[in-house]
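Written out below as structure tokens is the structure these notes cover.
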Amino acid sequence: MVVAMDQRTYVNGDSGAGDRKKEERFDPSAQPPFKIGDIRAAIPKHCWVKSPLRSMSYVVRDIIAVAALAIAAVYFDSWILWPLYWAAQGTLFWAIFVLGHDCGHGSFSDIPLLNSVVGHILHSFILVPYHGWRISHRTHHQNHGHVENDESWVPLPERVYKKLPHSTRMLRYTVPLPMLAYPLYLCYRSPGKEGSHFNPYSSLFAPSERKLIATSTTCWSIMFVTLIALSFIFGPLAVLKVYGVPYIIFVMWLDAVTYLHHHGHDEKLPWYRGKEWSYLRGGLTTIDRDYGIFNNIHHDIGTHVIHHLFPQIPHYHLVDATKAAKHVLGRYYREPKTSGAIPIHLVESLVASIKKDHYVSDTGDIVFYETDPDLYVYASDKSKIN
């Protein structure tokens, strides 16, 4: 085993006991003493049951809420109320994404056609190419925690990081700019990777998947053209207020939540390569989060560890499944900090992580994020130093 990390002494026990040496801490990169089958066996049978009716009820709930908010905003047309509308509607766009996300995993129902139709409707509405996203997201789950093979918010190896222009690094690691990255990711993927979620011939997809990608890109294009047509009919400002700003809020939700589920824990968590990586070890590096009043609104997406290990579990069973699995996971499960009504504490975690988690070593099968001390030293400051 090759480990690229600072020298620390770890024990896989309780690091908080009074008679423990302060330097002794639980090692999250150690091989877990359980197998994925042990976790699966601990999850109650009802958690694996998918109800198309129940899943559709959430779709109906969210669509009614989106429509009601839009109608109310247009009716009152008050600049006092527009910001409230944008925040609420952007959050509901994010909730709609999560339901389409369930369709992509097959946790929405056991009916592939229903999953595909509902997934296309929901994701096209928020300008996400359903199959393109679904397939790359499948890659993310199958390779979670792997430095080279993971797909979303993957750490940059030092050699890739060092080749980036300083301006690109600043864009990637200066809040809030990374929270607007999702549309660019759909078009270009992440630094060091190539391909587009819209191109059937992208390296992201197998030849057998090209028709699926073409279908999703067509649905996305229909929605995009519809928005342009509405801009001509009602004016671009009206479309921007009703749809454009909530879309930006949705993108920020998506980028923030997906980042926080894999970054920003108080203790650095490992990333793997080579023989050290396994599906179980990679999945155990994910993080649950408490989003306060938004937990129910965005369908308990914060219960992320069990979701990553068993993406076929419907979102409405994830809380029960997580509670049942905790005794097996032990300290490999990191209890989320309890949130107030608004999860303001997560903003601090997000900002702190982006400022310090920049790249990982080019070598080593177990690596941890490292910090570029010169990232925020601007050219003028460097010249003064030199």
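Cβ from N, Cα, C; glycine included.
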**Study point:** Which range of 212-234, 235-257 is transmembrane segment, per TrEMBL
**Key:** 212-234
Check your understanding: By a Cβ-Cβ criterion of under 8 Å, what residues six or more beyond either terminus of the transmembrane segment (212-234) are in contact with it?
Key -> 120, 123-125, 127-133, 135, 197-200, 202, 205, 243
Point to revise | For the domain 'Fatty acid desaturase N-terminal' (17-70), residues assigned helix / strand / coil by DSSP | key: 30 helix, 2 strand, 22 coil
